[in-house]
Every structure is written in C-alpha cells, then in structure tokens.
Amino acid sequence: MTTSQLQTEQHQVSDDTAISIQNVTISYGSYEAVKNVYCDVPRGKVTAFIGPSGCGKSTVLRALNRMNDLIEGCSLKGRVLFDGVDLYGASVDPVEVRRRIGMVFQQPNPFPKSIYENIAFGARINGFTGDMDELVERSLRQAAVWDECKDKLNESGYSLSGGQQQRLCIARTIAIQPEVILMDEPCSALDPISTLKIEETMHELKKSFTIVIVTHNMQQAVRVSDMTAFYNAEAVEGGSGKVGYLVEFNETEKIFNSPQQQATQDYVSGRFG
C-alpha cells in the first residue's frame, strides 16, 4: 500500500479501529466457509477469535492479511479495511499487506538459518538499513527470547526448543515493524510453561502492536485478550456441511461472564465445542 493509495482509497472508520471487517463472506469454490461477518478490531488491544472447529475463525484471521489468496479457489466478498484502506482493492499489493499485518502460525516455523539471520533476513529484504545488531537484539528482547539466544546467535534456529522457536518466530515478525500481529493458535503445540511465556510476551507486545489471536483454549482467551469474538457454525439449508458465522463480539469479560447470546453462554460454559 503506497501513500497515494492511502490518500485515494480511504473509507471512513473510527480512529480506534485497526481493522474493520465489513459483511465478509469467504468461500472455497462454491462452498461458503464463513458468511456475513462484521467486526471492528480495536487498535492496541488483543482480540481473541474463539469457537468450535469448523466455525471459520482461522479463515477470517487469514483474510486479514490476505493469506487466503494463497489457497486455490478461495474468494472473499465484502470489505476488510485497514486504516480505512480496502485490503482487497485492485491496486493493493498483498505482499505489502503482509508486511504491515504479520502472522505467527500454529507450528513454529523458523527459517533454516542462524538465529541471527532469522531476524535479519526479513528486515534486510524489506529495506532495513539501520543497525542490524541492535534490531536483532531489540526484536529478541521484545519476544522475550533474548536471554536464551544471546550467546548462540550464530547457531541454527532449529537448535531452540519448541517454545523458544515460536518466540523466535514472533521476534522475526516484529523485526519488520508490522502494525498488526495475527496469531493462529500459537500455543497449541507448546507445553504449559512455554505457553505462559508466549502469553506474557503478548501482554508486552500489545503496548506496541494490535494483536488478533485464534485459540481453542478459552482460559487463554480470558487471560490474554481484551475483546473476544465467538464464532459458531450452522448446517447449510438444503445441503451438506456447515457455514461459520460470528455470533457475538464484545469485551472479553462480558463474553465470558454476561454474554448476550445463548449459544455463547453454552460454548463458554462447556456445553458444546
């Protein structure tokens, strides 16, 4: 997204909103995966997407930085506005979208490079010309993995434990200074101690970044998020399969303690899911 695009393609959204999801329906071929989603992701907060498997929460998350573009046959109707710009506008470069809206995946996926180069490589190809040593240290500190890495920066990223690798991936993401970080079940493959460190890291990161996390762990959503969106799925009328939809979006405390919808109450109380 260039400066001229920001000037000519802006739509009106609140200054408090980082990403505005407006009547979004996402399909794989003729199959609707999730439909009619409206949701404003607040700036400088942690927003959690929760819901049972197959409800479309990860599909919506991937739509926020156009990762679904990489899936053959996937299409989107509606608008996803980032700082007022429609991310699916014809002149918007998806590579630039993914630079400004980074993603941390479910499985740690460090580059087959040294710990140092895992951070430096992305910054370098994105045009960083400052003090690389300082950037590497700052990024690793922000991701709370500097102490484990500082004495072995030239060793492979694969030499780290699973939890350390995931924090390395977070450091790699923040090194190119995105404005939003998406996390797709970042702790699902980690042990409880590593999970706690990731959660503590998220609390620090939201001081500088907007974060959206998909999680199946409702206790994690309570611990880390300010806002929660509950997704569910319903049977397709006259057909097979299910389509996901957003049931309720509110402050996390309200979603878990005084939800407005019965389906939300049933899910957060463990009656289904």
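Note that Cβ sites are derived from N, Cα and C of the backbone, with glycine treated the same way.
Under the three-state DSSP scheme, Gly51 (ATP binding site) falls in the coil class. Residues annotated as ATP binding site in Swiss-Prot, with sequence analysis given as evidence: Gly51, Pro52, Ser53, Gly54, Cys55, Gly56, Lys57, Ser58.
The domain 'ABC transporter' annotation in Swiss-Prot covers 19-258.
Local packing around the Cβ, expressed as the count of other Cβ atoms within 10 angstroms, is greatest for Gly56 among the binding-site residues Pro52, Gly56. Apart from Gly51, Pro52, Ser53, Gly54, Cys55, Gly56, Lys57, Ser58, the ATP site neighbourhood in this chain, defined by C-beta within 8 angstroms of the site C-beta centre, holds Tyr231, Asn232, Ala233, Gly244. Figure note: comparing Cβ neighbours within 10 Å for the binding-site residues Gly51, Gly54, the maximum is reached by Gly51. In the structure shown, across all protein chains, Cys55 is the one of the binding-site residues Ser53, Cys55 with the greatest number of other Cβ atoms within 10 Å.
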